[in-house]
Amino acid sequence: MDGALNAVAEHEPHAWSTRWPLNSAFIFTFGALGGMLFGFDTGIISGASPLIESDFGLTVSQTGFITSSVLIGSCAGALSIGALSDRFGRKKLLIVSAILFLLGSGLCATATGFLMMVAARIILGLAVGAASALTPAYLAELAPKERRGSLSTLFQLMITFGILLAYASNLSFLGHNLLGVRDWRWMLGSALVPAALLLIGGLVLPESPRYLVNKGDIRNAFKVLTLIRKDVDQAQVQLELDEIREVAAQDTKGGVRELFRIARPALLAAVGIMLFQQLVGINSVIYFLPQVFIKGFGFPEANAIWVSVGIGVVNFVSTIIATLIMDRFPRKKLLIVGSIVMTVSLAVLAVMNFVGDVAVLAVPTMVLIAFYIIGFAVSWGPIAWVLIGEIFPLSVRGIGSSFGSAANWLGNFIVSQFFLMLLAAFGNNVGGPFAIFGAFSLLSIPFVLHFVPETKGKSLEEIEEDMTRR
Ligand code: BGC
């Protein structure tokens, strides 16, 4: 791996990107594309898994494993990518993850049985995990400080768009065996398109200027900064470069030991934020909502899928709003408002389902879930990913994002693994699991107040100084 990556590195990796007339909209959209594959590959399986189960004659636990194998791969992918990205750069590893996306999607679409499908989903997971650790740091390192919140939120916007595309793909391919190929193969194979786009993006995108400074390549760092700061003059670009160089010069070398030694407050904040982002139960809604309505309220399957699509739209539109407001309000305030909205909606939902007549509660439950999603989408959804790109010192940013991201996948795995069991334990009353998620939403408030730093409007170098002082 080292040799291959060095060979790419020696081939003047920045020449392309600095020679091409790229504009920043292109750079940030393509830079965030990993989010779309993240959303698509995690969202697609809800529709495809029952079809795969009947086609391959699988047991329920085998199907469950096909769903969760991507999460296991993601955890491993997130953990292994950080040290590599501190060493070889964000850009090259984005290219590696695009190749893994292509390979995983191709193998999923052509899988001939259970084992091949699990292997393909683990490869996809490696790619998703890698992209989830790389992209937030890459976007944060490219963005100007006044717009960093909004530009980094593009990652979450792409995730929600990917989820929506997955639901749309499930709906449009279901029951259509085009060209004699089974519907679920089309569903899983359609991920090849965004994966190819990510690969093209990865080839033409510039390397992160902060990574370049850290490697002592000041000439190319200046070129990239000039390319992405077209609206300011060269003197200001030089000023920004000087600030980056000054802080980078004081940095120690990277690595896990350094992460635990110099970046412990950042690590605690990142891991905590990521665990809470999952333990508030978001993916019980994103992955299992049709099942909730089928099991909890006796919905027919065809209608239940539409509930998901509706929630997917609410999630996406609310995230557009998040990109617009992200740089206007302090991140901590948004997180706390989000926690309050989620706690209140989940508490009302739980009480209502425990004391009310479940037969008439489907619509009010749906409305409360929509409020909960809005609360998540304007706060914890984007901000968790924005923060892990921001709060680590440059020398350990890659590896720090890795740990944060891996915590997210671990939390996701726990919720996805136990949600349906929990629902069954409460006799299919959604009030049970949602009361637990409500309790985590409430607990997230003191966590934010005590452990999360405010990063809005500060340069990454100012944040680094703040965090080191802590
Ligand atoms: C979370 C995902 C979730 C998505 C929903 C992301 O921030 O990390 O687990 O599925 O938001 O929009």
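Glycine is treated like the rest: Cβ placed from N, Cα and C.
According to TrEMBL, the feature transmembrane segment maps to 20-40, 60-81, 93-116, 122-142, 154-174, 186-205, 266-289, 304-325, 334-355, 361-388, 409-427, 433-452. According to TrEMBL, the domain 'Major facilitator superfamily (MFS) profile' annotation covers 27-456.
Contact check: the transmembrane segment (60-81) against the transmembrane segment (154-174) gives fewer than three Cβ pairs closer than 8 Å, residues 6 or more apart, which falls short of the contact criterion. Contact between the transmembrane segment (361-388) and the transmembrane segment (186-205) does not hold: fewer than three of their C-beta pairs are under 8 Å, each pair 6 or more apart in sequence. The transmembrane segment (409-427) and the transmembrane segment (154-174) are not in contact, since fewer than 3 Cβ pairs between them lie under 8 Å (pairs 6 or more apart in sequence). If you count C-beta pairs under 8 angstroms between the transmembrane segment (154-174) and each of 122-142, 186-205, 304-325, 334-355, the highest count goes to 304-325. Sequence-distant contacts of the transmembrane segment (20-40), counting only residues of its own chain at least 6 positions beyond either end whose CB sits under 8 Å from a CB of the stretch, comprise 94, 97, 101, 127-128, 131-132, 134-135, 138-139, 142-143, 151, 154-166, 169, 190-191, 194-195, 197-198, 200-202, 204-206, 227-228, 230. For the transmembrane segment (122-142), the partner stretch with the highest count of Cβ pairs under 8 angstroms, out of 93-116, 266-289, 334-355, is 93-116.
Only sequence-distant pairs (6 or more apart) were considered; of these, fewer than three Cβ pairs between the transmembrane segment (334-355) and the transmembrane segment (186-205) are under 8 A, so the stretches are not in contact.
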